[in-house]
């Protein structure tokens, strides 16, 4: 019986060890912002000044908290960066393409990791309900990556409290101001770098839809990983429980034959005593 209890306790401890990585992935995601953001200046210098990048954005409003603005902007940056990355596939001049591709790929990874830290599934209803706040525009690289840097700054500001703050819009939401785009188009200084021959043609609808699927697919990758860990843990617990029950059933019935043998031995002693008494009585009668 003690061995069966020890086996069940061991399986329970293994279950806790398997669930530990799941708790860690849900409670902490580390720092998704790496030093690769320092290469943005080089990338902006490599892209033509008149190149336009499409982005759906939400203008800053007093009634929209910064951490909620972050939830609205990050998925759109992920889509735009995926589209930008795909456009380098069709470029024949490979002089600066590899460098630019590497930088954009690193920035895409950062924004995707950041999106995983934001618990996108938790606030997707908030994003759907406030889709009317989006405006679509085409930005030159300088202004596009200024917005990108602003998004990174907001994340750093609220990184420790994002899990605690839910996005709830007030009953009355102000409309985006007309001069909001003016704030976006302020110039910033980047070091001049030779511009590459990146073409400004748009990708076909199939390529665009594929990149959107990739962006959306990453959103659910973290949740799928958590589900797989949870299922593995539950399966191990079930197997451990079944093995414990089988072991207990095999060891427990062994105690019954022992008790039967003991009972039989007691019966034999009583019979022997009775037979001895009977013999003594016979001898006494004979005498």
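Any Cβ shown, glycine's included, is placed from N, Cα and C.
The feature N-linked glycosylation site is assigned by Swiss-Prot to 100, 106, 149, 178, 200, 206. Residues or ranges marked as signal peptide by Swiss-Prot on the basis of sequence analysis: 1-25. The topological domain 'Cytoplasmic' annotation in Swiss-Prot covers 247-287. Per Swiss-Prot, the feature transmembrane segment maps to 226-246.
Features recorded in Swiss-Prot, as mapped to the structure shown.
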residue	record	DSSP class
100	N-linked glycosylation site	helix
106	N-linked glycosylation site	helix
149	N-linked glycosylation site	helix
Test of understanding: give the count of other CB atoms lying within 10 angstroms of the CB of residue 149 (N-linked glycosylation site).
12
Tell me, what is the mean pLDDT of the topological domain 'Cytoplasmic' (247-287)?
68
In sequence order, which same-chain residues at least six apart have a C-beta under 8 angstroms from residue 106 (N-linked glycosylation site)?
34, 36, 39
Just the number: how many Å between the Cα atoms of residue 100 (N-linked glycosylation site) and residue 149 (N-linked glycosylation site)?
17
Mind giving me a neighbour count for residue 100 (N-linked glycosylation site)? Other Cβ atoms within 10 Å of its Cβ, every protein chain shown.
20
